[in-house]
Amino acid sequence: MLRACQLSGVTVAAQSCLCGKFVLRPLRPCRRYSTSSSSGLTAGKIAGAGLLFVGGGIGGTILYAKWDSHFRESVEKTIPYSDKLFGMVLGSAPYTVPLPKKPVQSGPLKISSVSEVMKDSKLPVAQSQKTKGDTPASAASTGAAQIISAAGDTLSVPAPAVQHEDTIKTECPNTNEGKSTSETTEEAFSSSVRERPPEEVAARLAQQEKQEQVEMESLAKSLEDALNRTSSVTLQTITAQNAAVQAVKAHSNILKTAMDNSEIAGEKKSAQWRTVEGALKERRKAVDEAADALLKAKEELEKMKTIIEDAKKREIAGATPHITAAEGRLHNMIVDLDNVVKKVQAAQSEAKVVSQYHELVVQARDDFRKELDSITPDITPGWKGMSISDLAGKLSTDDLNSLIAHAHRRIDQLNRELAQQKATEKQHIELALEKHKLEEKRTFDSAVAKALEHHRSEIQAEQDRKVEEVRDAMENEMRTQLRRQAAAHTDHLRDVLKVQEQELKYEFEQGLSEKLSEQELEFRRRSQEQMDSFTLDINTAYARLRGIEQAVQSHAVAEEEARKAHQLWLSVEALKYSMKTSSAEMPTIPLGSAVEAIRVNCSDNEFTQALTAAIPPESLTRGVYSEETLRARFYAVQKLARRVAMIDETRNSLYQYFLSYLQSLLLFPPKQLKPPAELYPEDINTFKLLSYASYCIEHGDLELAAKFVNQLKGESRRVAQDWLKEARMTLETKQIVEILTAYASAVGIGTTQVQQE
């Protein structure tokens, strides 16, 4: 199947070669053998290649003559009777009007690229083909267009029909007489820009060939690497299959030896059967390894086949020999792998027969022992395992008669079974021979088909190589001719453009001098008008500038105030952050640096200096506790104050302390109690005041909580004195910070309003 795919791919490639003009017929599947030598085939190949080359040259000349009328004229003048051939194939030559030396009111010469000429020339050619029904000519023109496109974007002369239309348009009266000469010059310049010199065309062709060479080398390297990897895996698989064959044969030989040596008894026989078991294990291991290697080899072969198919789809020039060689190596690897697999299968079949024979022998021995046990049940059981020499003097006459009688009956029975088996096996052998003949015939036909297919593929590959060589030679010749024609055409166009450039340059300079004189007078008039208007605008702008300066000065003052207000606000925010920041290692942070920053930023502001001077000195050096710290500390103070609630300022006896402590344990007042709007004398109680203060602290009102704590008396007030002092310091500092914040916000709002005004 692989060869069929390769043959079909090569046949399709051969049929589509030579731009569709020549069709290569594939070989017939049933070809008769001949007795002629290979010299006739070689001569036929040479003659066919010569015919292909001559036909390709003539066809290419006709196509290029159809494309370029000047080339047709030169060929008709050089080669005799060529005008008749061109007249039969292409028709009469189109009439070309000579280019005028000085076109009057006409546009510049338009140069068409290859793509534009193809677009313009496809329509009339297609219409003539539909009228005449000439299919080969259409295929030939398409192939010529492909070859010309491969030569690069070279300059080319338009088709005859297009030239005729252009000359007619040139002779018609020009309707665009009102266009300026500058537009004509720009069109001529843009047309000349589209021209490509021969050096650039040659460079592009060289670059394209270099790119194709790089792609072909890359493809060859990838194919070589894949083939090396596949061949390595295939070689390992073949080695594993051969090892499996050797293991199967070794096991069969050892098993045959063990079955043939039936007279051996005791430890030797046991050792012999242990050897058989070891050989069986080795056989299974080798067969499993061979199966795994075969699967891996099949995967690698499939990957290699996919790589070859991908290489065919890429259609890289010059890659056909590499692909053909890769296909040949792949086919050889597949054939070698099939042969070694067949060897393994044959060895396994032979081993299977030996195993069946062993099973039949063992079963026959068991049946024979059972028969002897049924005939002589009274004899000692140990004698049946002894040899004949040992049994000679131990059997009686009756035992011998019984054994002889049983042996005669057994011999008669075996003779009848043997005769029946011979007749049956004779029929089986005849059927097997017929089946074997059919199998041999089928195998022979398959081998012949494979050989023919391989031979056809080789012939087809040789034909493809020859066709590729001929096509490369034709393409090189065509490209050389195209380069020459493009160079001549470029020189002609360069001369024409130079003449047009001189004429247009003279007309442009004359018109330019007239326009310059007119523009000079107009410029003088407009410059005086602009000078007057400019003086008026300068005076107006100066007045506006004075107003802008005053506004900018006032704005700068407002900006400075806003900047100072912003710096004050930032410094106050830093002070607030320092008050709120605390940790377990450092519960208070000195505020001196933050306050000093405020004083420095607002050194000329008396209000700010007065507020910063009112901050307690201890806050500057040590810092203040945050509200969270005071809240946590309050709970400890609250607990101690409840314990000494009954102690007044005189500090009563130890018994009074004990009663106060007992009271704190027995009484369970609410820990938090919302304070009333007005306090009454009965509300001034240590427990209620502490509950009110706890409620205020939990709701963020530290100032009111401090007021309630300040109402405590006796020992409770003394216990809470330190906390009250810290709270008072925190509140004072916080109040000053809030005033500074409000002041900074007010100043910032004022400066913002001034800026908006």
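Placement of Cβ uses the backbone N, Cα and C atoms for every residue, glycine included.
Quantities reported herein were computed from a predicted structural model and do not represent experimental measurements.
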Hey, which of Y506, Y625 does Swiss-Prot call phosphotyrosine?
Y506
Per Swiss-Prot, which of 279-317, 630-668, 708-746 is coiled coil?
279-317
I'd like the number of other C-beta atoms within 10 A of the C-beta of K221 (N6-acetyllysine), please.
11
By the count of other Cβ atoms within 10 Å, pick out the sparsest of the modified residues K210, K450.
K210
Within a 10 Å radius of its Cβ, which of these modified residues (S222, Y506) has the fewest neighbouring Cβ atoms?
Y506
Say you check the Cα of Y506 (phosphotyrosine) against those of the modified residues K210, K221, S222; which is nearest?
K210
Give me the CA-CA distance between K210 (N6-acetyllysine) and S222 (phosphoserine), in Å, as a whole number.
18
Averaged over the whole of the coiled coil (397-442), what is the pLDDT?
81
